[in-house]
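One structure below.
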Amino acid sequence: MSETKSKVLVLGGLGYIGSCFIDQLLKQYPDVTVSVIDINHTSLALQLLPRQVNVHFVNLLDRAQLTDTIAQINPDVVFHFAAKTSVKESTEQPLTYFDHNLVGTLNLLHALKELQKPIQLFFSSTAAVFGSASTLPIPENLVLEETLASNPYGISKFLSEIVLQTLTRSPHFQVIALRYFNVAGASNPFGNFNKNTTLLIPNLIKAFMEKRTFFLYGDDYDTKDGSCIRDYIHVVDLCDAHLLAWKWLQANPKVRFESFNLGSGQGFSNWEVINTAQAIFAPEQLQLKIESRRAGDPPVLVVDCTKAKRLLNFQPTRSLHKMLSDETIFYRDFYNRL
């Protein structure tokens, strides 16, 4: 089935990445049928999504309601963005993360299996499955082990990947696991609507705009400037990668399971991110306070996305400055006006 005729289900479509993805999806394929499953009745994305998007408020932990809803939607393609994603919170509430991320995914798979038809599933995984990997940049062919992930969030995604890879031995599922590194930027007017986000860049931008203190967690890592180093990817580049993965899977029907790293291949320290933001907001000065490290944060995460470039023809094009400037526009022009 061609992309333009597909029925697409987006789980977590009212969240940051999910809503940006729908925006990019409809720009490229305006005639696809899009349905969303989410639990966030108050998401600002509800005010922005076009009327053609059908939104269903269903908790993935309610298997009966989820099964009924998916039977009604009868999707051909599923993009699974729904998850709890805070590393810090996962160390405090590990069972909650296993429930939402692992059990929720299992319930989704049960519901999709009931359709008794082939399904293409694109799973939002994470760099956290690698933990503090000793090989940098982190290659896609690194053998995942349960002990590799350094926090319950990463473990929940690792276990989900194992389940998905096992299920692709059946004829019903084709699965692509897309391992995100740090996502930033916006697909304006869509962006990170989460008022309680723990991500560095939105909190940094809000600190500048609201003239409040920004907390830097850890300046004593074994890195070039003592702060964590992360690989960042613009959310629009990330969405483009999902659409390229879909097109690639359509052209390769014999593929059962594949995983791709999605990042820029370049590491930026927290101090470098702060300095880039400082240049955007100059002459405004950041109020900064250094705190102790957060539990579960590896010192360095940088990706090798050679396979994504080779197979998907994926090449991120948006710089760190572009990520910060787009997200600044989102918070200035859209976030506080909704």
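Keep in mind that glycine also has a Cβ here, set from the backbone N, Cα and C atoms.
The structure displayed is predicted, hence computed values, not measured ones.
What Swiss-Prot lists as NAD(+) binding site is 16-17, 37-42, 59-60, 81-85, Thr126, Tyr153, Lys157, Phe181, and the listing cites similarity to another entry. All chains included, 25 other C-beta atoms sit within 10 angstroms of the C-beta of Leu60 (NAD(+) binding site).
Look at Swiss-Prot and you will find Thr126, Tyr153, Asn182, Thr198, Leu199, Phe215, Leu216, Tyr217, Arg230, Arg294, Ala295, Gly296, Asp297 tagged as substrate binding site. Taking the Cβ of Arg230 (substrate binding site) as centre and 10 Å as the limit, one finds 25 other Cβ atoms among all the protein chains shown. In the three-state DSSP classification, Arg230 (substrate binding site) falls within a strand.
Cβ neighbours within 10 Å of Tyr153 (active site, proton acceptor), excluding its own Cβ and spanning all shown chains: 26. Annotation comment: Swiss-Prot describes Tyr153 as active site, proton acceptor, evidence class similarity to another entry.
In this structure, the C-alpha atom of Leu216 (substrate binding site) lies 19 angstrom from that of Phe181 (NAD(+) binding site). Around the Cβ of Asp297 (substrate binding site), a 10 Å sphere holds 19 further Cβ atoms from the protein chains shown.
Sequence-distant neighbours of Ala295 (substrate binding site) (same chain, 6+ apart, CB under 8 A from its CB) are Val87, Lys88, Thr91, Asn151.
Classification of Asp297 (substrate binding site) by DSSP places it in coil, neither helical nor stranded. A gap of 22 Å separates the Cα atoms of His41 (NAD(+) binding site) and Leu199 (substrate binding site). With every protein chain in view, the residue among the binding-site residues Ala83, Leu199, Leu216 whose Cβ has the most Cβ partners within 10 Å turns out to be Ala83. Taking the binding-site residues Tyr16, His41, Thr126, Asn182 in turn, the residue surrounded by the fewest other Cβ atoms inside 10 Å of its Cβ turns out to be His41.
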